[in-house]
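Colleague: I grabbed these lines from TrEMBL:
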ACT_SITE  CYS56  active site, nucleophile
BINDING   TRP89, ARG118, VAL119, THR120, VAL121, GLU136, SER137  glutathione binding site
DOMAIN    160-284  domain 'GST C-terminal'
ACT_SITE  TYR183  active site, proton donor/acceptor
SITE      TYR241  site 'Lowers pKa of active site Cys'
SITE      TYR284  site 'Lowers pKa of active site Cys'
Amino acid sequence: MGLIVNGKWVQQWYDEDSKGNFKRPDSRFRNTISTDSNNVYQPEAGRYHLYISLACPWAHRTLIFRNLKGLEDIISVSVVEPEMLENGWTFGDKGDPLYNLDYAYQLYLKADKTYEGRVTVPILWDKKTQSIVNNESSEIIRLFNTAFNDLTQNTDDYYPEALRSDIDNINDKIYNSINNGVYRCGFATTQSAYETAFDDLFENLDWLENTLATQRYLLDDTLTEADWRLFVTLIRFDSVYHGHFKCNRNKLSEFHHISHYLRELYQVPGIAETVDMEYIKTHYYASHTLVNPSLIVAKGPKPQFDLPHERDSIFIKEKL
Ligand SMILES: N[C@@H](CCC(=O)N[C@@H](CS)C(=O)NCC(=O)O)C(=O)O
């Protein structure tokens with residue numbers, strides 16, 4: 001674990017404030033892909049490459065959108081090693097498919113030799129200019145949602161115009177309390193920072209359980225980006241966050257409606273293959289040396305996301 005300082009990789013644990021609250025830094029590469037004539041990054045098949053970790057929930061969002069939007073033949077993808085230790089994300093024996101680099105930080109320096117800061121995934125890379133287009137998942141999924149539609153003819157829209165402000169509002173609520181909330185629990189370094197994050201997380205999971213009792217998705221009957229952003233945290237909850245990050249007031253499987261909602265999303269075509277629970281567990285348990293110094297990977301639980309769900313029957317019945 002570390003960051004780039006003065007063009008060099010330096011080992012360092014995550015940042016926190018004076019009260020022991022975990023601080024996630026802002027992403028630095030924020031370009032877009034569009035047919036705008038003055039935009040450097042045009043939608044082209046084979047031009048872009050996505051570097052991800054299957055463990056990282058933010059990277060997971062981008063892999064999901066690549067599948068949902070039929071971009072598998074347009075944007076290539078590669079997966080870093082599950083463990084993230086002294087050198088940060090590493091490419092391992094398989095190597096970096098583009099430049100045969102060893103570490104993701106070398107890619108950041110290749111894109112910008114003056115880059116300073118954390119080296120995070122996902123990374124959307126441009127093979128043509130040999131630079132990073134964007135390393136912020138919330139923006140990459142929106143690019144994937146529309147930028148390549150003319151190439152794929154896939155016009156499925158997970159951020160429809162009419163729902164944008166509602167999606168943005170719900171994303172903010174869920175990001176702070178749930179997506180980043182589990183990290184605020186796991187990486188807190190004081191009891192009070194942990195307890196504040198924990199209470200906030202479970203208050204919002206209670207709200208979610210009640211919400212999903214009466215509506216199928218976060219934005220009523222429309223499956224949107226907001227659901228996929230939430231999904232990546234829910235799917236990791238019982239296997240990782242409950243134990244490793246001490247989010248243990250309840251298991252997610254004890255929330256009836258959330259569990260059925262989670263199964264429904266998992267069973268959408270193209271999604272199950274984006275989830276590799278053994279890789280996910282290996283990353284968290286065997287990378288966070290401060291949280292789990294033995295690096296022993298928890299053996300359970302056995303995921304049950306393939307079980308039937310009742311979302312069709314409940315919500316169709318309601319509409320009759
Ligand atoms: N805001 C970024 C966050 C990405 C992020 O924090 N990724 C984590 C993995 S889950 C990472 O690469 N961390 C490495 C580090 O901070 O050193 C996004 O959504 O893309």
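Think of each number as a place in line: the chain as shown, counted from 1.
The backbone N, Cα and C atoms fix where each Cβ goes, glycine too.
Help me understand the surroundings of these features in the structure.
Modeller: CYS56 (active site, nucleophile) falls within neither a helix nor a strand when secondary structure is assigned with DSSP, and so counts as coil.
Other Cβ atoms within 10 Å of the Cβ of TRP89 (glutathione binding site) number 27 in total over all chains.
In the three-state DSSP scheme, TYR183 (active site, proton donor/acceptor) is classed as helix. Around TYR183 (active site, proton donor/acceptor), taking its Cβ as the centre, 18 other Cβ atoms fall within 10 Å, counting all chains.
TYR241 (site 'Lowers pKa of active site Cys') is surrounded by 25 other CB atoms, counting those within 10 A of its CB over all protein chains shown.
Other Cβ atoms within 10 Å of the Cβ of TYR284 (site 'Lowers pKa of active site Cys') number 24 in total over all chains.
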Colleague: In this structure, which of the binding-site residues THR120, SER137 has the fewest other Cβ atoms within 10 Å of its Cβ?
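Modeller: Selected from the binding-site residues THR120, SER137 on minimum Cβ neighbours within 10 Å: THR120.
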Colleague: May I ask you to report the DSSP-based helix, strand or coil state of VAL119 (glutathione binding site)?
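Modeller: Looking at the DSSP assignment, VAL119 (glutathione binding site) belongs to neither helix nor strand, so coil.
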Colleague: Output: those recorded positions from TYR183, TYR241, TYR284 whose CB lies less than 6 Å from an atom of ligand 1, in sequence order; none if no residue fits.
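Modeller: Cβ < 6 Å from ligand 1: none of the recorded positions.
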Colleague: Determine, to the nearest whole angstrom, how far the Cα atom of TRP89 (glutathione binding site) is from the Cα atom of CYS56 (active site, nucleophile).
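Modeller: Distance between the two Cα atoms comes out at 11 Å.
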Colleague: Find the shortest Cα-Cα separation between SER137 (glutathione binding site) and the recorded positions CYS56, TYR183, TYR241, TYR284, and name the residue that gives it.
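Modeller: So, spelling it out, the nearest of the recorded positions is CYS56.
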Colleague: Could you check what DSSP calls SER137 (glutathione binding site) once collapsed to helix, strand or coil?
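Modeller: Once the DSSP labels are grouped into three classes, SER137 (glutathione binding site) ends up as helix.
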